[in-house]
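One structure is given below, encoded as structure tokens.
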């Protein structure tokens, strides 16, 4: 309750033009004096890109998530050097895209306010503004993160789409996130795409006997087989009915055991996450947008660098 009250106060004071400190050292209106147009610049460039290519919303949201879940929300996923050794070259990140949006925003900010706005803050803002473009929820983004100087491919150990509920909960708990955050943030799968290779085992050889995962709706498994042939690695939509719209339909799919990933279907194996899914189905997602906003605020504080830690990169792909 205290955190919710703080956020309400922060939003109100932000509207009034007052900077509000969070206990972890971030502020709303952090750039008010040093780069007053920062958030407007981020929004303008992000809208330009995502309006032209709406699928970038899911891509940028995913990039933000992948960044925060490794070394924290420090922009380390953006680094290219040492070549082939940084986070962006790890297997789970090879399909991450949208770097050009972050780079374009950063370039625009550098022209206006050189050396002021961190790439970590850019990524947090871009993810939020991209979701807004496709009619998703708005959430406050306290700012003041600094950029990490370290990025290692070997450290990328993200929650797996093949994981069960216990492993997923541990991954989230280790980052200070709870079961509700797990199921709420999984709702982002209402947008975006994956690849057939990720689900091949689940639909063709789950136990090594040529069978499908028994947690999957059989009709859904058959439909996936028609879309994803054994040697095929084409793209596949996570939530075909609402892939271009941020809504709560994902929970309807999961409730029918039609989650694309094992990590989706296993949410029915835990009383708390299962209850949340059925509540969203029964209420047509009445609280999902607010819950998603709350969980994204929490995610944005994971492993942040502030004060004298890290740096403000001139280019997001390289340390200074």
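Cβ atoms here come from the backbone N, Cα and C positions, even for glycine.
Pulled from TrEMBL, these are the features on record:
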- 25-320: domain 'Plant heme peroxidase family profile' (DOMAIN)
- 35-113: disulfide bond (DISULFID)
- 67, 70, 72, 74, 76, 87: Ca(2+) 1 binding site (BINDING)
- 68-73: disulfide bond (DISULFID)
- 119-316: disulfide bond (DISULFID)
- 189: heme b binding site (BINDING)
- 196-228: disulfide bond (DISULFID)
Requested in this report: Any same-chain residues 6+ apart from residue 196 (disulfide bond) with CB under 8 Å of its CB? Would you list them in sequence order, or say none?
Outcome: 227, 228, 229, 232, 233, 234, 235, 236
Query raised in the report: Got a sec? Which of these binding-site residues, 67, 87, has the most Cβ atoms within 10 Å?
Result: 67
Query raised in the report: Using Cα coordinates, what distance in whole Å links residue 74 (Ca(2+) 1 binding site) and residue 119 (disulfide bond)?
Result: 8
Query - recorded positions near residue 119 (disulfide bond), in sequence order, restricted to 35, 67, 70, 87, 189 and a 10 Å Cα cut-off - result: none
Report summary line: Out of the disulfide-bonded residues 35, 68, the residue with the smallest number of other Cβ atoms within 10 Å is 35
Report summary line: Cα-Cα, residue 68 (disulfide bond) versus residue 76 (Ca(2+) 1 binding site), nearest Å, comes out at 9
Report task. Determine the minimum-neighbour residue: among 113, 228, listed as disulfide-bonded residues, which Cβ has the fewest other Cβ atoms within 10 angstroms? Result -> 113
Query raised in the report: Fewest other CB within 10 angstroms, which one of the recorded positions 70, 73?
Result: 70
Query raised in the report: For Ca(2+) 1, what surrounds 67, 70, 72, 74, 76, 87 with a Cβ no more than 8 Å from their Cβ centroid?
Result: 66, 68, 69, 71, 73, 75, 77, 148, 151, 303
